[in-house]
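Taken straight from Swiss-Prot:
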- 55-75: transmembrane segment (TRANSMEM)
- 79-99: transmembrane segment (TRANSMEM)
- 245-265: transmembrane segment (TRANSMEM)
- 271-291: transmembrane segment (TRANSMEM)
- Asp324: active site, 4-aspartylphosphate intermediate (ACT_SITE)
- Asp361, Glu365, Phe393, Lys394, Ala395, Glu396, Thr397, Arg398, Met399, Ser400, Lys412: ATP binding site (BINDING)
- Asp535, Asp539: Mg(2+) binding site (BINDING)
- 605-625: transmembrane segment (TRANSMEM)
- 633-653: transmembrane segment (TRANSMEM)
- 677-697: transmembrane segment (TRANSMEM)
Amino acid sequence: MMRPVVVKEKQLNESQIHAVEDEVRQAKTMDRDIVTHAMKQSVAKLNPKVMIKNPIMFVVEIGFIITFILSFLPSSSSSIPGWFNITVSLILLFTVLFANFAEALAEGRGKAQADSLKQSKKDVFANVVKENGDIVQVSATDLRKGDVVIVKQGEMIPSDGEVIKGLASVDESAITGESAPVIKEAGGDFCSVTGGTMVVSDEITIVITSNPGESFIDKMISLVEGAARQKTPNEIALNTVLTSLTLIFLIVVVTLPIFTNYLGFQIDTAVLVALLVCLIPTTIGGLLSAIGIAGMDRVTKFNVLAMSGKAVEAAGDINTIILDKTGTITFGNRMAHTLLPVGNETIEQVGKWAAISSVLDETPEGRSVIEYVQGKSISYNRELAEQGEFVPFKAETRMSGVDLQDGTKVRKGAVGAVIEWVESQGGTIPKDVNQKADLISKEGGTPLVVAVDNRIYGLIYLKDTVKPGMRDRFEQLRQMGIKTVMCTGDNPLTAATIAKEAGVDEFVAECKPEDKIAVIKAEQDKGKLVAMTGDGTNDAPALAQADVGLAMNSGTTAAKEAANMIDLDSNPTKIIEVVGIGKQLLMTRGALTTFSIANDIAKYFAIIPAMFTLAIPQMEALNIMKLTSPLSAILSALIFNAVIIPLLIPLAMKGIAYKPMSSNALLSRNLLIYGLGGVIVPFIGIKVIDMIVGLFI
């Protein structure tokens, strides 16, 4: 009997292996296509109109043109052989090509993602409901904001919209990559639907919320393709500094012949161009765009859609994170943990009335009460409750329950609300109600009072569980210098207990949507950058106010439009990872800038002695690397300058590994690795290249 099971398991494993192999082959093919496209684009980007957007590499391209032209003209210096100019020009050409390749490779990954998204945009038809009630079939491209559309099982949702009638399971795997369908229903925070997703059960009526070209997928395609990419403030500032350095060195090199003529010797133009290229920060200049694009790409791969690079950078500078308790810090499913009778009541009486109040309650809390009572074998009359009239929970009453046919009113709800309700009917309150409610709150639970007419029977202890690992994650944020603030509608005692268990720095209890804005503004007034998550329409003002607002894809259209990031997986805890990606982007840019400027030191020791040794023999003392000859020294410095760019492309694309630590510790670590390393590596690299070049000169 065991043999068929073994064979079946083996076949399943083989099919899984084949599936993995197919995925690997497809990934390799896609990578080859991206590289091939990037190589073509690196040549196309040689267009001066494109190159001028990167002033540093534009100067290198001008140097290539000058030395290329000089290679066909008679040499003005007897010490410079004819092949030198063409060699320098070719090295400069490859320097520019390598920089273009880095940028094109980063853009190519975005294009591949965009192509994948475009596949989800199929030519579908929509069943539009006219004002007179007639249903007309039109193309999805003809839909306009405000149109009402009926989508049935098996049909594609034609455009972004909000459910106004019905409930259905929707397959959003084309957008989120998550195979499990999600429930979409009219009203509430889960009414938003995305064009290109599939209704897999039931039927819904939606109102279209976007015009053609403005849908969520259209925005995603535009962003990942880079069409809407703008340089971030930090990127512009760094680019300005690097351009200023380039301009200063350009002035130095242009005026240098005046001084050398005064000293009685001349420097060949190709040597001056080589000096300029070695002086300016070409390494970071060639990788700067790729770093920014790759940072956006990493966020997208994490299934987060950033509306701009500025949002990703801001995430890296965040000082405070505002987090909802429910669903972010805790699982959000408050379950019945125990029953506490009050006065002279028994647990059986509490369980009986708690169950009757919950029979028609479809909330997770209501279901958990029924499960708990049944698990304790407490008897109750289910038919009695089913024949009654259900009273749903409302924010105004903070209670739910059932009105039985005989006029009996059964309620469960917030302590204060139920006590007030009982007192309004002339009832008396047992002395131990508040005492036991406080005990539940101190333990991090939520107390619900169970009452029948003017009599309180006891309390239901609802407990929400903190997600595992949250304390460690908050400790990591604390090491980064980031403060965490938990916002919750719970009472202060419950909030304090959860905050202590989770390890957050501060909490705001009995928090309303407008309170979140106040918290954000208070932090911003202190000069801090604030991040928060949200999914409801009531979160939209706070998401718009925050420096980084992460909206859930399952949330409302208002929330997604107010935020500058959207999490396609609808996982609020992902804000912590987004902050890490932002810091990684900033750290990668800073580390490679440090490395680029530091490795110029070695190039100075290579090229400056080579320029002046013939005229000023004493300059030979600066040739500490003992390079073969002046010409090999210049060529070696230029070759290293070019080769280091493609060698650093993987690091620029992947990003430097980020470990939570203080800013001072991080600065010291990076200065040691990329500052000192940026000095040592070129000395070794140039010396090795010189030994090889010396064999041919």
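Each residue, glycine too, has its Cβ placed from N, Cα and C.
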For ATP: widest Cα to Cα gap among Asp361, Glu365, Phe393, Lys394, Ala395, Glu396, Thr397, Arg398, Met399, Ser400, Lys412 in Å: 19
Touch test for the transmembrane segment (677-697) and the transmembrane segment (79-99), at least 3 Cβ pairs under 8 Å: no
Candidate binding-site residues Phe393, Ala395, Met399, pick with smallest Cα gap to Asp535 (Mg(2+) binding site): Ala395
Long-range Cβ neighbours of the transmembrane segment (245-265) (under 8 Å; 6 or more residues past either end): 55-56, 59, 272, 275-276, 279-281, 285, 614-616
Which listed residue (Ala395, Met399) has most other Cβ within 10 Å, given these are binding-site residues: Met399
Assigned element (helix, strand, coil) containing Met399 (ATP binding site), judged by DSSP: strand
Surrounding CB atoms that lie within 10 Å of the CB of Asp324 (active site, 4-aspartylphosphate intermediate), all protein chains: 22
Under 8 Å by Cβ from Asp361 (ATP binding site), same chain, sequence gap 6 or more: Arg367, Val369, Phe390, Phe393, Ser400
In three-state DSSP terms, the structure that Asp361 (ATP binding site) belongs to: coil
